[in-house]
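According to TrEMBL, the protein has these features:
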BINDING   THR51, VAL215  pyruvate binding site
ACT_SITE  TYR142  active site, proton donor/acceptor
ACT_SITE  LYS172  active site, schiff-base intermediate with substrate
Amino acid sequence: MTPRKKLKGLVAATITPMTPDGKINLPVIRQYVDYLVNEQNVKNVFVNGTTGEGLSLSIQERKQLAEEWVCQGKDKLDHVIIHVGALNLPECQELARHAAAIGAGGIAVIAPFFFKPTNKDELVAFLQKVALEAPEVPFYYYHIPPLTGVKIRVEELLDGIKAQIPTFQGVKFSDTDLLDLAQCINKNETGEFEFLYGVDEQLLGALAIGANGAVGSTYNYLGRQTNLMLQAFAKPDFALAQQYQFLTGEFLSFVIKLGFGVAQTKAVMTFVSGIPMGPPRLPLVGASSEFIAKAKAKLDSIVWPNGN
């Protein structure tokens, strides 16, 4: 594999823009890329994941989105990671081959969650079959047990993983089990793996443990503020970093009580960025006008440190 820039910092879990009649809206992705880079200072993306409704899209739609993000991100984004997970192995393999062919910076895979792997060996066997289809592309395991129900600990998964999956690069760790994350990072003495945390409201805790960065939906519209948190943490100015984390948590706690998911994220991104993200795909339904009004008022009311 050719040398690559290390993946660290913030990775936006991209939203899939849709037209009012529910078709993917490819033309706005160019504007989306420019917005992330210029307004949020976010130069890494994770495409077709949970926030992007990847598993609600057809294989063809997922390929089109991957192509557009790679194309529009050229010379602008540092890393375009394509999620290629699906419920069946052939589709995962097809998407992995496609991601490799278009020059994706990495691929990621969730555990299949209808017929589930029940132990480490079964999970690794599945991941290995996908990774082999893109033998030059960095491979990430997307660990999200709250949605997949696959609770195999990542610490256990790491043992011997490089011998079985030579392209294994790291984990998108979307779970609140910071003990498991800590054990992973403790084992990663050489620093060869990247651990990207996926629970935005707990990022500061994950950074303290040693996470390399984060993949999340809020970095689409709170990327600038979260980058300032990362800078404060690095100084270190822990009190300032806490302020940013607490304010992000204040907003998320507020909207979670209203009912917050992918549909609502699309609405927030639309009113913050001005880019039309459109409705979600059924069975999800669009955010209510009441939610939008309350979420906007709450976000507008937050006073970030130093007036940011």
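Using the three backbone atoms N, Cα and C, a Cβ is placed for every residue, glycine included.
TrEMBL labels come from automatic prediction, so no person has curated them.
For THR51 (pyruvate binding site), other Cβ atoms within 10 Å of its Cβ number 24.
Around LYS172 (active site, schiff-base intermediate with substrate), a 10 Å sphere centred on its CB holds 27 further CB atoms from the protein chains shown. Cβ neighbour count for VAL215 (pyruvate binding site) (all protein chains, 10 Å cutoff from its Cβ): 28.
The number of other CB atoms found within 10 A of the CB of the residue listed as 'active site, proton donor/acceptor', across every protein chain shown, is 26. Ranking the recorded positions THR51, TYR142, VAL215 by Cα distance from LYS172 (active site, schiff-base intermediate with substrate) puts TYR142 first. Here the Cα atom of TYR142 (active site, proton donor/acceptor) is found 10 Å from that of VAL215 (pyruvate binding site).
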